[in-house]
């Protein structure tokens, strides 16, 4: 699911800027049109609005049906004790929220989510940037290397998860077999069975899976850095390092910040990989908010608790998204409008 | 201009709301008006969705159709899919969506179904069949009314690899060993460099079976029943059961990485390790030969499989003849026509159950069919099951998904070394109280 969101966002982001540009232009044109004034202007205004409505309404209706209604239902559900059958009658107020927020498993899951958010950025940002800079140089096998880096991201998450699960099998898995061949030994309980190692192992798999996205985005961003700047720097005798530090990375800023946003949202919603690798175990060492609510909802029919957990997840995600927009992404939007 | 804007906005909002309302109406309607009185067609959901089992059920449906003229619409689904769809159908509350005859697992789930009135009372309508299989209807009875007809009832025990046991020098395997004898097997296997037991603790329930069975051994049947009834798990026998499991874990008999091992999926699951001769035994239900057969290269049930009961403990308060297991039963939904009851009864008939037994689809409940079980390993379970003791349902099913889930979580923590006997009891107690 996270994949769909990210890909569509990636596709959308380059497209949005020209659209915004166009909107800006029309708004400049508009006063001139209405200056011509009269009823024709009013009519065309109305027509335009009707037109907009005509095209937007289906999307709005679908959005309402598949986003707003489910959110409202989740909120409603979270106020009841409900086993999944029959009408909602057993109103319990905020009790479900209390039990979710006081549950060690849920608070543990929140911590795991936050750890994954920060580690993802901490690991993938420098690594992705380094690989992108490397792959941006003209060299032999460049496109082959780019493809290889991107392949894990294209693989379906479930498929990748199952493959890693087999690789990580204690004793009989490929990884332990290789370690054994060089005289080392994997952890006694296996990489995923040890409560201290499981989250780290999941993190490694996630990095492998999502590094490709970071690299491809950064590479795309690198294409947008004007060639002239490099030439000017070269004329001034700047070293390769200086060029990267003073020109490439600052100009890559918007891309980096957008990627950080996508990565953060993906980490908060993390479910599939964890579900396949560990089911949130061992001893809840890798649980995430999403595994918690699936566990409570579909596995245990505690739909009220699951509803409350989903609302909490929604609020946390919304809060972090808004915070990120305000603190970090704003830098990209503000100066640009200022310049124009 | 502002007015146009506003009115346009109002129109937009209005139509969006109207569209939404229309969509929602479509979602909510349907339930009341339509009647499912179409007595000539019944729907049947089952989970034998492959091979011989599916063919047999199709044939039974055809036979019933020929006999009575009632059309049976059969939906054979993968087990988990069936559970999800069943839950969705019940949530819809729409008789058109709810199958007429479906599989019930009893326990807390059935209790919820009874409370919400979606399942039909069969006590009177199927009195003859119920009297035949009365030894097994207890788990499908709520307030002395029977809501499902159990057609298969299996018990859990240790499936073991006879070759590996022989290799480890274990010449005599008791069909119902004491815990000391059992530890003897473990030690000999260990000494021979064979991993004694596999357990799929990632899925929790395979690990939890150890605790359930210890409860059956340490607590008299009535103690467990009254604890569930009164939501009071303070009887010390529950603690004792946890201590037994701790002792077993302390012997370290399990496969490497058992906390991350799945139950039945693929060759690296607990069942897969047994099927591919990587471990010597596994605690599992009557489904194990079938599952193991699906995980070997030649897709045959391994002929090295033997079976013995869960060990007994010295000074245990539970009846040694009591077993832990579970079964599957046919339920009829409240909105179903009477023909559906006839069909459920038909499925329990001597002939239908005999065919069921001959194809090793489970352990039949109808006494006329019990000696028709073809597979020897499976047939071994029948005398133990019918040995006069009570069969306690898997406790997670018995307690219902909500309490059961909390219990399995706590038992999983014990296998990870992060919870003790008291923690499990506390988890059950608090989940039961908040239910």
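For all residues, glycine too, the Cβ spot is worked out from N, Cα and C.
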(request) Using TrEMBL as the reference, determine which range in A:173-196, A:197-220 is annotated transmembrane segment. (result) A:197-220
(request) Out of A:84-104, A:147-167, let me know the one TrEMBL marks transmembrane segment. (result) A:147-167
(request) Select from A:239-258, A:259-278 the stretch of residues annotated by TrEMBL as transmembrane segment. (result) A:259-278
(request) Please find, within the list A:31-51, A:52-72, the residue stretch that TrEMBL describes as transmembrane segment. (result) A:52-72
(message) Cβ pairs under 8 Å only, please: of the recorded stretches A:52-72, A:147-167, A:259-278, which one is richest in them relative to the transmembrane segment (A:114-135)?
(response) A:259-278
(request) Could you give the residue numbers and ranges of same-chain residues that sit at least 6 residues beyond the transmembrane segment (A:259-278) on either side and whose C-beta is under 8 angstroms from one of its C-beta atoms? (result) 1-2, 5-6, 9-10, 113, 116-117, 120-121, 124-125, 128, 157-158, 160-162, 164-165, 168, 192, 198, 201-202, 205-206, 209-210, 213-214, 217-218, 285-291, 294, 313, 316-317, 320-321, 324-325, 328-329
(request) Quickly jot the same-chain residues contacting the transmembrane segment (A:197-220) by Cβ under 8 Å, restricted to those at least six beyond its ends, or write none. (result) 6, 10, 14, 112, 115-116, 119-120, 123-125, 127-129, 131-132, 135-136, 146, 149-155, 157, 160-161, 164, 168, 187, 191, 252, 255-256, 258-259, 262-263, 266, 270, 273-274, 277-278, 281-282, 285-286
(message) Under 8 Å between C-beta atoms and at least six residues away from its ends: which parts of the chain pack against the transmembrane segment (A:52-72)?
(response) 314
